[in-house]
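Only one structure is covered here, and it is reproduced in the block below.
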Amino acid sequence: VSATYLLFMASCLTSQGSLGHQEKDPLFWNTWAQRTLKNALTLQKLNQNTAKNLILFLGDGMGIPTVTAARILKGQLSRQSGEETQLEMDNFPFVALSKTYNTNAQVADSAGTATAFLCGVKANEGTVGVSAAAVRSQCNTTQGNEVTSILRWAKEAGKSVGIVTTTRVNHATPSAAYAHCVDRDWYSDGEMPAEAVQAGCKDIARQLFENIPNIDVIMGGGRKYMFPQNQSDVEYPGEKKHFGTRIDRRNLVEEWNNRMKNKNAHYVWNKKELLSLNPNSVDYILGLFEPGDLPYDLERNNETDPSLTEMVEVAIKILKKNPRGFYLLVEGGRIDHGHHDGKAKQALHEAVEMDRAIGHAGLMTNINDTMTVVTADHSHMFNFGGYTPRGNTIFGLAPMLSDVDQKPFTAILYGNGPGFKVMNGLRENISTLDYEENNYKAQSAVPLSMETHGGEDVAVFAKGPMAHLLHGVHEQNYIPHVMAYAACIGQNRDHCMSSSGASSLSAALPSLTALLTFTRFLC
C-alpha cells in the first residue's frame, strides 16, 4: 500500500508540479480513492497464518490527536504540506479502538493500562502485573493476585522475548511485562517504604532479573536502579542525582553478567558498544543507556545514545535467530513525558521516531508470519485546531486573533498543564515568544504543574496473521488475547496444528466467538 501510494503521489507531483494544483482536479481524488478501494478488496482474503513473531509498539500517551499531528509533522519534515502524508502505522490494514479506563479510574494511568494490554486483565491505576484485587501501595495485597504477561507466555512457548523502551526499563509500561508490583514507583528498594521491603515485596528492578529467567533483549534506561546506593554512574561520575539507589547494596548488572557469562550475553551502556556488537554472535543483551530515561530524540547525543530505531534493529536481529520466533515489546515512552511537560514539539518528534522504528521493523520482518500491533496506553489533554490553512506548520499560529482578547494563539493547545500563564490579569501574548522552540510549553486552559492524561479511546493498528480480529471497539485487555491466539501461545492453543506450522485458526473462530459471547453474558 505504501509503495503504491508513494508512486502515485510522486507521479502527481511530477506531472503537475505541485500537489495543490493537482488536488483541484476531481480525477486526483477519484483515482486515489479507487486505488485505495482496490487495496481494500485484497483484504477480503484474510491472513489466518500462525504468527511466528509478535511485535507490540506502544506509544505512551499517543492519543489520536497526537497521531494526526505526528503525521503532519512527518510530512513537514520532508518539506511536504503534511496532511496527506502517511505514517507507517497508517498503512496497517486493520484499525480498532481501545477503551483505556482502569478498574478504578475513568482516566487511566500507564501502569493499569500496561497490565491490560500485556497481561490481558484490567487493573487498578498505579499497579503492574496484578489484578484489581491488589491495592496500590499495600504490599500485603500482592500475593495471590499476580497475573502473567504475554511476554511470559511467549517465553514459556520457547520463543525469544525482548523489551525496548525510551524510558527506564523498570518504568510502568515495560514493568508489566515481567513484574508483579502494587506500586509502579517502586523502581528499586531505595524507592520503597521500609515496611514493604520487610514484608517481602520486591522492587521492580530486581523482578526484571528474577521473575522471568533470561529475557533475551532488554534495552532502555534506568541504570541507577541496578547499582548500590551512592555508587557513581559510569557516564556521569560526578553527578549525585545519577548515583545508584539500591539500599540492599546489590549490583544487579554484575549479577546478570556473572549468571550469563557462558551464554553469548553482553551488557552495554552506550551506542558505540551497542552497534559494535555482531548480533549473530549475541544471544542476550542488556543495554542500559542512561541512569534514568533516555533523552528526548531532539536532544539525543547521536554519538552516545542510540535511537529507538537503532535499538529495535539490533533487537530484531538478535531475536529472529530463534526458529520458534519471538515476542518484542517496543515502547515510545517519552511521547507521554513531552505532553506532561506541555512540550508538544518534543512529544511529536518522539512519535515520528517511533513511526520510523515501526517502518524499519516492517522491513526486517514478513507480514505472512509476523503480527505487528501499534497502539497507545492512553491519550493526553492535547489537541490542535483554530481553522489553520493547509500546510500550516503544526507548531504555528492559528490564522486569526482571538475575538475575545485580540491576541494570537497557536494551533496546538492543552486542556490543562504548565503552559497556563497570566500577565497583568490577561492571557500571555505569545507573539513575543518563540513558539516553535523545542521546549516551548503550549498554552493550556487550566494551570497544572504537569498536564494530565486524556480519557478518550485510543487507536489500535494491526497487520499480519489474525490482525482482522482487531476490528471494532474493544476493551484494552483484549489485545494480548488476540496476539496470543494468533501465535498459539498462552491459553489459546487448541486451534493450532503443531505438526506442520500451518494454521487451522478459521475452524476455531466460531467457538472463540461463542466463548466471548458467553463471557459477556456472565459479566
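Quick reminder: no glycine exception, Cβ is built from N, Cα and C everywhere.
Copied over from TrEMBL, here are the features:
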type	residues	note
ACT_SITE	SER110	active site, phosphoserine intermediate
BINDING	ASP60, ASP336, HIS340, ASP377, HIS378, HIS453	Zn(2+) binding site
BINDING	ASP60, HIS171, THR173, GLU331	Mg(2+) binding site
SIGNAL	1-20	signal peptide
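Nearest Cα neighbour of HIS453 (Zn(2+) binding site) among the listed recorded positions (SER110, HIS171, THR173, GLU331): SER110. Counting every protein chain shown, 22 other Cβ atoms lie within 10 Å of the Cβ of HIS340 (Zn(2+) binding site). Around HIS171 (Mg(2+) binding site), the same-chain residues six or more apart in sequence whose CB sits under 8 Å from its CB are SER110, THR165, ARG184, TYR187, GLY220, GLY222, ASP293, GLY333, listed in sequence order. The least crowded of the binding-site residues HIS378, HIS453, judged by other CB atoms within 10 A of its own CB, is HIS453.
Counting in whole angstrom, THR173 (Mg(2+) binding site) lies 8 from ASP60 (Zn(2+) binding site) by their C-alpha atoms.
Recorded residues ASP60 (Zn(2+) binding site) and GLU331 (Mg(2+) binding site) have their alpha carbons 7 Å apart, per Cα-Cα distance. Under a cutoff of 8 A between CB atoms, and with a sequence separation of 6+ in the same chain, the neighbours of ASP336 (Zn(2+) binding site) are ASP60, GLY61, SER110, ALA347, HIS380. For GLU331 (Mg(2+) binding site), applying a Cβ distance below 8 Å and a minimum sequence separation of six or more within one chain yields PHE57, LEU58, GLY59, ASP60, ILE163, VAL164, THR165, THR166, THR167, THR173, PRO174, GLY220. Packing around THR173 (Mg(2+) binding site) is summarised by its Cβ count: 27 other Cβ atoms lie within 10 angstroms of its Cβ, all protein chains included. Counting only same-chain residues at least 6 apart in sequence, those with a Cβ under 8 Å from the Cβ of ASP377 (Zn(2+) binding site) are LEU58, ASP60, GLY61, THR100, ALA108, SER110, THR113, ALA114, PHE117, THR173, VAL458, GLN476.
Other residues of the same chain near the Mg(2+) site, with their Cβ within 8 Å of the Cβ centroid of ASP60, HIS171, THR173, GLU331, are LEU58, SER110, ALA114, THR165, THR166, THR167, ALA172, PRO174, GLY332, GLY333, ASP336, ASP377.
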